Amino acid sequence: MPMTKSAGGPQGAVDLKLDLKSSYESAKKLQDKDSGFLDGSPSESPDSETTKGITAFQTLVHLVKGNLGTGILGLPLATKNAGILMGPLSLLAMGFISCHCMHILVRCAQRFCHRLNKPFMDYGDTVMHGLEGSPSTWLRNHAHWGRRMVSFFLIVTQMGFCCVYIVFLADNLKQVVEAVNSTTNNCHYNGTVILTPTVDSRLYMLAFLPLLVLIVLIRNLRVLTIFSLLANITMLVSLIIIAQSIIQGIPDPSHLPLVANWKTYSLFFGTAVFSFESIGVVLPLENKMKDARRFPVILSLGMSIVTALYISIGTLGYLRFGNDIKASITLNLPNCWLYQSVKILYIIGILCTYALQFYVPAEIIIPFATSQVSKRWALPLDLFIRFSMVSLTCILAILIPRLDLVLSLVGSLSGSALALIIPPLLEITTYYSEGMSPITIIKDALISILGFVGFVMGTYQALDELIQSEDPLTFSNSTIFIQ
């Protein structure tokens, strides 16, 4: 099983997401090529009897860190958009539903593996076989579109992650540069930070473009795992420092609303789904375990830990900074060298993560494109597509420079489909012909409807906020901090 990275989902463990791609022959080739990455063993075929699996503890670690990324930094603002009571309760419900949908995907994949005598079934293949067994003739005849649909949403998700990273890089670097003259060694200094205005944050995004282009030219997966390790270390250290910062000096929360306006709740939904966007890693992890029978327990435990962390960071961050909370909690940190170093560490981590997130859509699109031309033009076309894709993410980030809106859009557009809409429908198509309880059918329908409503409302609200905002840069790029 190749190593992967989550999201967002997204986001945290940058060495887990590479298994998400479920498209064409490139996914199968990558699976054979790098199946030994997680345990350090040489590459072996998936059905090899000598393949070493990972332990339950290793699976738990990969699952937890596969959920921790930039999404967790936006949860305090998401809690504000839901309310100090509704936010934590909604995160708890979202964590439970996401975990349930992951269990559904695992059960369906296991069923098709046994039925078709296959050692491994990825997300796209599971959906395709689910449609092949559906009672609808039209769905059976168009089952291959299920795999393509998953690949499409996966590309949208991963490219969305890349857009989020560019906005995050620009926001944090801009704040570090503007506050460098007023940065002190005293993290408890009480006073107004006087910033030195610099260029527009969109120019920071353009400044990162050449570096990002150079990074994505790295096509060796083993080299990328070095970036993965570096990103994991920097993000872990940063999260520890952030956590100890927000638990200090929490003011009286009585003035905070228990339930926020329903219009902003849809923004919360998108950000929350973005944060729980790790459904694509569950099948590779389950396939790689030494004892796959223990995976459901590990999955439940891992998602419980992740949900608890999300609720803690989201609630405490909102309690600490109140209505002044920004799109990323790093933008609220005091301007002392300790917390400025956190932003720098996260910038390094996100730069490394960008290449890994980019690897997934690149391995879906590029092999298909280069197969249409002669070998002479394969390499030039490969480089052109990489440059075009990076430029596209930069352009989209410039057009939507508000980090909170990018998070919500990505979560609402593709996260809802992959994490909430498709798995319940997959369960119905898989087991309907064998007889299903009406309660189960109603439950699956309600989850899919919830995902679809979140998809529509979250996307609409994010776009509406963007259109109505007179100055789209004010919110996410306002870096003045008063402690």
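Cβ atoms here come from the backbone N, Cα and C positions, even for glycine.
Nobody curates TrEMBL annotations by hand; they come from automatic prediction.
Feature annotation from TrEMBL assigns compositional bias 'Basic and acidic residues' to 27-36.
What TrEMBL lists as domain 'Amino acid transporter transmembrane' is 53-462.
TrEMBL lists 27-51 with the feature region 'Disordered'.
Per TrEMBL, the feature transmembrane segment maps to 84-106 (among others).
Positions annotated as transmembrane segment by TrEMBL: 149-168 (among others).
Residues annotated as transmembrane segment in TrEMBL: 203-219 (among others).
Listed as Cβ neighbours of the transmembrane segment (226-247) (distance under 8 Å, sequence separation of 6 or more from its ends, same chain) are residues 3, 5, 12-15, 65, 68-69, 72-73, 215, 218, 313, 316-317, 320-321, 329-330, 333-334, 338-339, 342, 345-346, 348-350, 352-353, 355-356. The annotation transmembrane segment is assigned in TrEMBL to 226-247 (among others).
Per TrEMBL, the feature transmembrane segment maps to 267-285 (among others).
The transmembrane segment annotation in TrEMBL covers 297-321 (among others). Here the transmembrane segment (297-321) has long-range neighbours at 56, 59-60, 63-64, 67-68, 72, 75-80, 84, 87-88, 91-92, 94-96, 98-99, 102-103, 106, 242-243, 246-247, 249-251, 253, 256, 272, 275-276, 282, 286, 289, 329, 332, meaning same-chain residues at least 6 beyond its ends whose C-beta is under 8 angstroms from one of its own.
Residues 5, 14-15, 17-18, 20-21, 69-70, 73, 154-155, 158-159, 161-162, 165-166, 168-169, 172-173, 175-176, 211-212, 215-216, 218, 221, 224, 227-228, 230-232, 234-235, 237-238, 241-242, 330, 333, 385-386, 389-390, 393 of the same chain lie 6+ residues outside the transmembrane segment (341-362) yet bring a C-beta within less than 8 angstroms of a C-beta in it. Residues annotated as transmembrane segment in TrEMBL: 341-362 (among others).
According to TrEMBL, the feature transmembrane segment maps to 383-400 (among others). Same-chain residues lying 6 or more positions outside the transmembrane segment (383-400) and placing a CB less than 8 Å from one of its CB atoms are 159, 162-164, 166-167, 170, 202, 205-206, 208-209, 212-213, 216-217, 358, 361-362, 365-366, 369, 406, 409, 466, 472.
Note on the transmembrane segment (406-426): residues 9-10, 70-71, 74, 97-98, 101-102, 104-105, 108, 123, 126-127, 130, 149-150, 153-154, 156-157, 160-161, 163-164, 167, 266-267, 269-277, 279-280, 327, 397, 400, 443-445, 447-448, 450-452, 454-455, 457-459, 461-463 of its chain, located 6 or more positions outside it, place their CB under 8 angstroms from a CB of the stretch. Taken from TrEMBL, the feature transmembrane segment covers 406-426 (among others).
As annotated by TrEMBL, transmembrane segment applies to 446-463 (among others).
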